[in-house]
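**Student:** One structure is given below, represented as structure tokens, and several questions about it will come after.
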Amino acid sequence: MELPSSPSTYRPAPLASLPPQLDPAEYSESLEKRQAEAERLAIRARLKRRFQLQLHDPRCTGMIEDPAMHRWTYAKSYNIYPNFRPTPKNSLLGALFGLGPLIFWGYVFKTERDHKEKLIREGKYKRPFALSS
Amino acid sequence: MLKIIIPTIMLIPTTTMCKPTQLWYTTLIHSMLISLLSLQLFYPSLQPIMNFSNHNLQQNQTSTPLIILSCWLTPLMILASQNHLSTEPLSRKRTFIITTIILQMLLIMTFSTTDLIMFFVLFEATLIPTLMMITRWGNQMERLNAGTYFLFYTLMGSLPLLVALLSLYSNTNSLSILTMQLSPTMLKNTWTNSMWLLAALTAFMIKMPLYGLHLWLPKAHVEAPIAGSMILAAILLKLGGYGIIRIMSTTNFLSKTPYYPFMILALWGIIMTSLICLRQTDLKSLIAYSPVSHMGLVTAATLTQTEWAYTGAITLMIAHGLTSSLLFCLANTKLRRIHSRTLLLTQNMQLLLPLMGTWWLLASLTNMALPPTINLMGELTIITSLFNWSNTTIIITGLGTLITATYTLHMFSSTQWGELPQHIKIMTPSHTREHLIMTLHILPMMLLMMKPELIWGPLYC
């Protein structure tokens with residue numbers, strides 16, 4: 001497999017992004033980027049070490065708790081309304097999707113029922129099956 | 001009727017006086033005997049003429065299955081609460097059981113009373129033991145908020161109900177359910193009559209719950225202890241349905257326009273709450289939203305006032321009561337083991353607890369209204385009667401059934417299949433007591449499949 005002679009001959013296509021190996025920015029990492037990468041690696045290693053310690057601890061017999069999971073469930077279930085603030089877009093979408101379907105279905109049912117009642121009153125409605133006998 | 005109420009009341013002194021080691025199984029066997037005794041309530045409703053000695057406490061084919069269900073659930077509640085009450089001191093255990101018994105007694109009287117004002121008083125009175133259960137023995141701090149929501153939503157609806165009942169009394173000078181059924185009044189479509197209907201139905205709609213007024217339900221169900229969740233899901237929601245059926249048999253509007261807001265909210269609520277169920281991360285919250293969609297079907301059916309609709313409504317109420325209670329018990333077994341309600345935390349439980357997996361499967365199948373369970377009988381009857389009411393409802397009810405199947409299967413597959421969790425180091429095997437609770441839930445469902453006429457209500461033709 002040969003790399004192209006100059007890096008600009010291979011350009012990313014709509015459905016094929018540039019692989020990181022052909023990106024020149026991959027090979028010219030600055031010092032800050034390398035330090036940030038090292039810090040992230042340290043955090044990951046610390047978390048993995050904590051998990052492995054808890055997993056093989058003979059005295060800890062319960063569940064291993066994940067604080068990130070607690071934060072996620074709290075954020076998804078209990079922390080939504082305290083961070084809610086009515087904005088114009090918010091209110092418009094709420095009225096559209098909250099009240100809109102109700103008005104729509106009300107209109108549909110009302111017109112259909114009125115049509116049926118009119119047919120029944122004129123005696124033209126054929127009962128498809130005997131529902132109440 | 002007294003032979004059921006007096007043993008129930010007497011269970012309260014029994015609880016206070018029995019020895020500490022005998023507390024749980026004494027109350028369990030006593031309440032189990034009461035529930036077996038309550039099965040003979042089926043007998044009068046299958047006879048052509050019902051003769052009751054008491055004028056105040058009678059039963060109908062509508063109320064008999066609900067009375068028997070509330071009697072049946074009390075031993076199950078006592079069984080299910082043993083685990084989380086094991087660390088409490090003795091007097092608090094006794095108080096919890098006494099709260100349960102008081103609730104059962106109030107529910108029996110609510111369903112068997114013949115007077116609408118007495119029904120209203122007992123309807124309100126059932127709020128108090130439930131509130132005590134939720135706010136005292138719930139698990140988290142949000143239980144206080146949940147109790148407030150639960151209490152004040154229902155109370156806000158019941159004040160108009162009181163006014164409506166009193167105005168009905170001043171008009172007809174009698175609020176007996178027996179005579180009201182014989183003379184349904186044809187009401188003109190005036191604003192006064194529409195306001196009366198709104199006032200009379202709002203309390204029951206909140207209790208059902210109707211889609212727009214359902215906010216108390218997820219909070220109350222999630223924060224309640226297991227016995228509270230069971231009785232809430234199984235019986236207290238059906239109080240609303242029972243009240244609607246009683247009120248509906250007396251009113252007959254010339255044009256059905258006042259019913260439309262409730263019908264539309266109920267029907268749209270079926271789809272909306274099923275979709276909300278799909279997005280839940282909390283298992284108990286998922287199980288708490290599913291009654292809203294099933295009771296939406298029941299509400300829409302009872303508002304059409306046809307015989308098939310009433311039959312389907314009563315059937316689905318009983319079937320759903322058993323199914324929902326079963327699902328809450330299953331969720332409680334999971335909660336006791338991992339102390340968290342998150343759905344995705346326990347996967348592949350079928351490998352670890354296979355028999356519990358069987359109960360999960362049966363619960364999910366009945367929740368999805370699989371034929372030939374009674375859930376399907378109720379849902380199909382309701383869908384047919386709604387289709388007769390208006391052909392377009394089939395879109396909503398069909399979509400609702402589809403989405404119900406989707407979230408039930410999602411719940412089942414999240415808990416039973418998948419990768420084994422690596423963070424759970426100890427998983428206690430299922431207790432026999434837990435298997436007993438599940439069996440006692442499933443047994444009535446299977447038996448009722450054989451003779452569903454018992455729960456088909458008075459209008460079965």
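Glycine too: its Cβ is placed from the backbone N, Cα and C atoms.
TrEMBL does not curate its annotations; it predicts them automatically.
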**Student:** Of B:45-67, B:390-412, B:413-435, which span is tagged transmembrane segment by TrEMBL?
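**Tutor:** Feature transmembrane segment in TrEMBL: residues B:390-412.
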**Student:** Which stretch, out of B:95-113, B:114-132, B:285-303, is listed as transmembrane segment by TrEMBL?
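**Tutor:** The listed stretch tagged transmembrane segment in TrEMBL is B:285-303.
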**Student:** So what pLDDT does the domain 'NADH:ubiquinone oxidoreductase chain 4 N-terminal' (B:1-110) average out to?
**Tutor:** 89
**Student:** Is the transmembrane segment (B:390-412) in contact with the transmembrane segment (B:259-278), using at least 3 Cβ pairs under 8 Å (sequence separation of 6 or more) as the test?
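**Tutor:** The transmembrane segment (B:390-412) and the transmembrane segment (B:259-278): touching, yes.
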